[in-house]
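Peer 1: Pasting a structure below so you can have a look.
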Amino acid sequence: MLIARFISGLAVGATTTVTPMYIEEIADDHIRGALGVYVDLFLTVGTLCSYIAVAYLSYFWVAVYASSLTLLFLVTFYFMPESPIYLLYKGHKEDAEKALKWLRGSVQGQDDKDIQEDILGLEKLLGEYSVIDTSSILTRILRIPCFLKGVCWSNVRVTSPAGKATFIVTGLMFFQQVCGLDTVITFSVCLIQSSRRRIVYSQYICYVIVTVIQILAVVVSCAVVDRIGRKVLLIVSSSSMAVCLAVLSLNSDLNKTSYYSWVLMLVASLYIVAYSVGFGPLPWVLAAEIPPTDEKESIESTANVVSWVLSFIVNQFVNNAIGNLGGVVSYGVFCSLCVGGTVFVATVVPETKRKPREQIESELGVKN
């Protein structure tokens with residue numbers, strides 16, 4: 001069982017690193033944000049399906065259900081093209097053109113001019129990097145800056161584009177993990193179970209209700225992220241979470257505030273919506289958009305490691321330690337961290353809405 005969990009953990013870690021990167025490389029600029037948010041949307045949908053399966057199926061059939069979806073993915077995704085920029089990076093120009101035509105749905109003889117212009121733009125971008133990495137994709141994905149041999153230290157200094165990108169994406173992952181989501185979800189489940197109703201909900205059903213709220217909020221994020229922008233959504237998300245946490249910090253004792261339980265449930269639901277609209281999906285989107293092309297896999301894998309390590313620390317230690325201090329202190333701490341996240345986004349994070357890759361990298365390099 002432990003070996004299986006270890007292997008599945010490696011797979012999930014690789015998937016959450018590669019998937020946003022692949023989407024960023026194949027998507028048109030005007031829908032890149034929405035497609036990036038799809039990652040979080042389907043992760044949440046998968047979580048909902050898992051809760052439902054666990055509530056009604058034995059563990060054996062849950063394993064069969066999950067394995068069948070994995071096999072379905074292996075069979076279907078095998079026919080998907082490699083990203084054009086990766087093919088150019090490896091020197092396969094003709095394959096890159098074919099992949100781009102397939103992704104754009106171009107008919108033979110049509111839109112060739114646009115395809116060629118896009119290929120030339122990508123070649124110009126890649127031409128700025130003198131060293132072409134010919135190692136396997138797995139090796140490149142697992143390579144962590146500053147820790148493994150073959151990484152140039154000058155590429156990750158604080159004032160370099162790679163250094164600034166690393167600081168931005170790891171900062172976003174930090175505030176994503178320490179904003180108190182798991183604590184609020186647990187509190188919401190307790191509120192649902194303790195509400196004065198004749199219907200008694202099981203724990204799994206309570207989690208299903210909360211997850212449905214998350215899904216609806218992520219759908220909203222998909223619809224507006226390429227209109228409003230990443231930065232605005234992140235600021236609205238973190239500031240709204242801070243307000244909700246401030247309210248919860250003053251009214252989090254279920255034994256003393258049962259009369260206001262529905263008000264607290266509304267506030268907790270608004271918090272979950274605020275998180276799911278912004279700080280839930282968008283750090284993954286920006287982690288794929290901001291890093292320079294030649295350091296993208298290293299920076300994104302580093303951010304992924306930071307995210308999962310912080311998730312482990314928060315779930316294993318911080319939630320229990322802060323929870324023992326009471327609602328005022330625990331939610332107050334999370335509120336302060338959300339305020340810090342708002343300041344961080346407002347002062348450090350650039351807007352990438354509908355900007356081509358070349359412009360994002362240029363702006364990141366200019367702002368030293």
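Here, residue 1 is simply the first one shown, and the rest follow in order.
Backbone N, Cα and C atoms are what each Cβ position is placed from, and that goes for glycine too.
Just lifted these from TrEMBL, have a look:
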- 1-353: domain 'Major facilitator superfamily (MFS) profile' (DOMAIN)
- 6-23: transmembrane segment (TRANSMEM)
- 35-53: transmembrane segment (TRANSMEM)
- 59-80: transmembrane segment (TRANSMEM)
- 204-226: transmembrane segment (TRANSMEM)
- 232-250: transmembrane segment (TRANSMEM)
- 262-286: transmembrane segment (TRANSMEM)
- 328-349: transmembrane segment (TRANSMEM)
Peer 1: I need to check the long-range neighbours of the transmembrane segment (328-349): which residues 6 or more away from its ends have a CB within less than 8 Å of a CB in the stretch?
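Peer 2: Result: 167-168, 171-172, 175, 178-180, 183, 230-231, 234-235, 238-239, 241-242, 245-246, 248-250, 252, 279, 286, 322.
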Peer 1: Below 8 angstroms Cβ to Cβ, which residues of this chain, lying six or more residues outside the transmembrane segment (204-226), approach it?
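Peer 2: Cβ under 8 Å, 6 or more out: 30-34, 36-38, 40-41, 44-45, 47-48, 51-52, 54-55, 185, 188-189, 192-193, 233, 269, 272-278, 280-282, 285, 353-354.
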